[in-house]
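Chemist: Residues or ranges marked as phosphoserine by Swiss-Prot on the basis of experimental evidence: Ser52. Residues or ranges marked as N-linked glycosylation site in Swiss-Prot (evidence: sequence analysis): Asn73, Asn247, Asn251, Asn323. The feature site 'Modulates L-glutamine-induced conductances and Na(+) binding' is assigned by Swiss-Prot to Asn76, with experimental evidence given as support. Here Swiss-Prot flags 82-102, 105-125, 143-163, 186-206, 212-232, 287-307, 324-344, 366-386, 408-428, 431-451, 469-489 as transmembrane segment, drawing on sequence analysis. The disulfide bond annotation in Swiss-Prot covers Cys239-Cys275.
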Amino acid sequence: MEIPRQTEMVELVPNGKHLEGLLPVGMPTADTQRAEDAQHCGEGKGFLQQSSSKEPHFTDFEGKTSFGMSVFNLSNAIMGSGILGLAYAMANTGIILFLFLLTAVALLSSYSIHLLLKSSGIVGIRAYEQLGYRAFGTPGKLAAALAITLQNIGAMSSYLYIIKSELPLVIQTFLNLEKPTPVWYMDGNYLVILVSVIIILPLALMRQLGYLGYSSGFSLSCMVFFLIAVIYKKFQVPCPLAHNLVNATGNFSHMVVVEEKSQLQSEPDTAEAFCTPSYFTLNSQTAYTIPIMAFAFVCHPEVLPIYTELKDPSKRKMQHISNLSIAVMYVMYFLAALFGYLTFYDGVESELLHTYSKVDPFDVLILCVRVAVLIAVTLTVPIVLFPVRRAIQQMLFQNQEFSWLRHVLIATGLLTCINLLVIFAPNILGIFGIIGATSAPCLIFIFPAIFYFRIMPTEKEPVRSTPKILALCFAAVGFLLMTMSLSFIITDWVSGTSQHGGNH
C-alpha cells in the first residue's frame with residue numbers, strides 16, 4: 001500500500017556550516033496549521049520570522065534565490081570546521097593518495113545529490129527526513145533525523161573543541177605570555193564552559209535566532225581568511241623547524257628543542273628528509289582520513305531546502321549548483337591541506353590552526369585568524385543547536401504545547417553533554433573520526449541510495465535496472481567505508497598506538 005504524500009513546509013536558514021537539522025513541519029491544512037501555531041509558537045516558527053501570515057508549501061512556494069546565491073548557500077553548508085583537519089589527513093596519506101581520496105569523496109557526494117534530487121522529484125518532497133518517511137515510513141524518518149542530529153552534535157562538538165583549543169592561546173597572546181600559566185582563565189576546559197554558559201546558552205534559549213543567520217557569510221569569510229593565511233604562511237615559515245621534528249603530541253620542552261637544533265646542525269640529511277613531502281603514506285592514522293573528508297563534505301540535508309528556495313527550480317539547475325559548490329570547496333580543501341602540510345610536514349597537528357602556536361605564539365596574522373574563527377564558531381553553535389532541539393521536540397514531544405521548561409532543559413542538557421564530550425575528548429581528531437565514520441556515510445552514501453531505490457517506481461526503473469543496481473552498489477560502498485573506518489579507529493584506540501596531534 002502506497003504511503004500518501006505529505007505536504008511539507010521547509011524553512012531555509014543559511015548558517016555557518018549546518019542546515020542539516022532543519023526539520024519539516026507537517027502542514028496538511030490551513031486550519032491545522034493555525035492550531036499548531038497556537039500550540040508551538042516558540043519552536044514551530046523556526047529561525048526566521050515570516051513576513052506573510054501564510055506559510056509556504058513546497059507545492060506553491062515561489063523561490064526567489066538566485067543561482068549565485070544558492071551556490072553561496074550550499075558552499076556555506078559544506079564549509080565547516082572539517083577544513084582544519086585536512087592537512088593532518090594529508091600528512092597521513094601523502095599528497096597523491098589524499099588527492100585521489102578527496103576527488104573520490106567529492107564525486108561520490110555529487111552523485112548522491114543526484115540521487116536525492118531524482119527521489120524528491122518523484123514524490124514532490126523537499127525535506128531529507130520526509131524522504132526517509134516516504135521510503136520506509138516512521139523508521140526511515142527517525143533514522144534520517146538521528147543521523148542529522150548526530151552530525152549536528154558532531155559539528156557543535158568540533159566548534160566547542162576549537163574554543164577549548166584556541167581561546168587559551170588568544171588570551172596568552174594578549175597577556176604577552178611566553179608560556180601558558182596554570183591559572184583557570186588559561187584552562188581550555190574552564191573557558192569552554194564559561195563561553196557556553198555566558199554566550200551560547202542565552203542565545204540558544206531564544207525563540208527566534210534569525211539575526212544570527214548573518215553569521216553564515218561571516219563564517220565562510222573566516223574560512224577564506226584562514227585559507228589565505230595558510231597559503232601566505234607557507235612562504236614565511238622556514239623549514240625545518242626544530243619544533244616540527246618532535247612527535248605530533250605537542251611535547252615541546254626546551255631540552256628537546258636544543259637537542260634537535262644540535263642534531264639539525266650535525267645531520268643536514270635528516271632536516272632535508274623531514275622537509276621532503278610524502279606522496280603515498282599508510283599508517284594507523286590513515287583510517288581517519290576518509291571520515292575527516294566525509295565530515296567535511298556533508299551538505300546533503302541542506303540540498304533540498306536550498307532547492308525549495310531556488311528561483312525557477314529544476315533538477316538540472318540544482319545539480320549544477322551542487323556540482324559548482326562542491327568544486328569550489330574541493331579546491332579550497334585541497335589548497336588548505338596542501339599548504340598546511342607543506343608548512344609543517346609530519347609535524348602538523350589534527351587541528352591545523354593550533355600548530356602555528358609552535359612557530360610564533362605572538363603572530364598577529366594568526367591571532368586575527370584565531371579571533372575571527374572563535375567568533376564565527378561561537379555564533380554558529382546556537383544555530384546548529386536549534387534544529388537538534390527541534391528534532392528532539394518532533395520525535396518525543398510532537399503533539400505537546402510549547403513549554404519554556406522543556407525548551408530550557410533540552411538546550412541545557414544538550415550543551416552539558418557536548419561540553420562533557422569536548423572536555424574528555426583528547427583531541428578534535430576523535431570527534432572528526434567518529435562522526436565522520438557514522439553519520440556522514442549515512443547522509444552521503446547510504447540513505448540517498450536506499451531512498452532512491454525504494455522511492456523510484458518500478459514502472460520507470462525496474463529493480464534490476466542499471467541505475468538501481470548502481471544505487472545499491474553505492475549504498476554498499478557506504479556500509480563498507482563505515483565498517484572499515486570504525487574498525488580501524490576502534491582498533492587504534494584499543495591498541496593505544498594513536499599519536500594524534502593536537503593534545504592540549
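Each residue, glycine too, has its Cβ placed from N, Cα and C.
Set these features in their place in the structure for me.
Modeler: Counting Cβ atoms from all protein chains shown, Asn73 (N-linked glycosylation site) has 26 others lying within 10 Å of its own Cβ.
Around Asn76 (site 'Modulates L-glutamine-induced conductances and Na(+) binding'), taking its Cβ as the centre, 26 other Cβ atoms fall within 10 Å, counting all chains.
Within the chain, the transmembrane segment (82-102) has long-range Cβ neighbours (under 8 A, six or more residues past its boundaries) at 158, 162, 223, 226-227, 230, 277-283, 285-286, 288-290, 292-293, 295-297, 330, 332-334, 336-338, 340-341, 344-346, 348-353, 428-429, 432, 436, 501-502.
Residues 5-6, 8, 58-59, 131, 134-135, 290, 293-294, 297, 299-300, 303-304, 307, 315, 318-319, 322-323, 326-327, 329-330, 444-445, 448-449, 451-452, 455-457, 471, 474, 477 of the same chain lie 6+ residues outside the transmembrane segment (105-125) yet bring a C-beta within less than 8 angstroms of a C-beta in it.
Non-local neighbours of the transmembrane segment (143-163) in the same chain are 17-18, 20-21, 23, 80-82, 84, 128-129, 131-132, 136, 188, 191-192, 195-196, 295, 298, 301, 351, 353, 373-374, 377-378, 380-381, 384-385, 387-388, 391-392, 394-395, 414, 418-419, 421-422, 425, 427-428, 431-432, 434-436, 438-440, 442-443, 447; each lies 6+ residues outside the stretch with a CB under 8 Å from one of its CB atoms.
Same-chain residues lying 6+ beyond the ends of the transmembrane segment (186-206) with a Cβ under 8 Å from its Cβ atoms: 160-161, 163-165, 167-168, 171-172, 180, 212, 378-379, 381-382, 385-386, 389, 407-408, 411-412, 415, 419, 422-423, 504.
Around the Cβ of Cys239 (disulfide bond), 16 further Cβ atoms fall within 10 Å across all displayed protein chains. According to its DSSP assignment, Cys239 (disulfide bond) is coil.
Counting residues 6+ beyond its ends, the transmembrane segment (287-307) has Cβ neighbours under 8 Å at 10-12, 18-22, 65, 70, 73-74, 77-78, 80, 82-83, 85-86, 88-89, 92-93, 98, 101-102, 105-106, 109, 112-113, 116-117, 120, 125-128, 131, 148, 151, 154, 313, 318, 321-322, 325-326, 329, 333, 429, 432-437, 439-441, 443-444, 447-448, 481, 484-485, 488-489, 491-492 in the same chain.
In this structure, Asn323 (N-linked glycosylation site) is part of a helix by DSSP. Using a 10 Å Cβ-Cβ cutoff, Asn323 (N-linked glycosylation site) registers 17 neighbours.
Within its own chain, the transmembrane segment (408-428) has Cβ neighbours under 8 Å at 81, 84-85, 153, 156-158, 160-162, 164-165, 189, 192-193, 196, 200-201, 204-205, 350-351, 385, 388-389, 392-393, 500-504, counting only residues six or more beyond its boundaries.
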Chemist: Using a 10 Å radius around its CB, how many other CB atoms surround Cys275 (disulfide bond)?
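Modeler: Around Cys275 (disulfide bond), other Cβ atoms within 10 Å: 14.
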Chemist: When you scan the chain for residues with a C-beta under 8 Å from the transmembrane segment (469-489), skipping those not six or more beyond its ends, what do you find?
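Modeler: Sequence-distant neighbours of the transmembrane segment (469-489): 108, 111-112, 115, 284, 286-288, 290-291, 294, 433-434, 436-438, 441-442, 444-446, 448-450, 452-453.
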Chemist: In which DSSP state, out of helix, strand and coil, do we find Cys275 (disulfide bond)?
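Modeler: Cys275 (disulfide bond) sits in coil per DSSP, no helix or strand.
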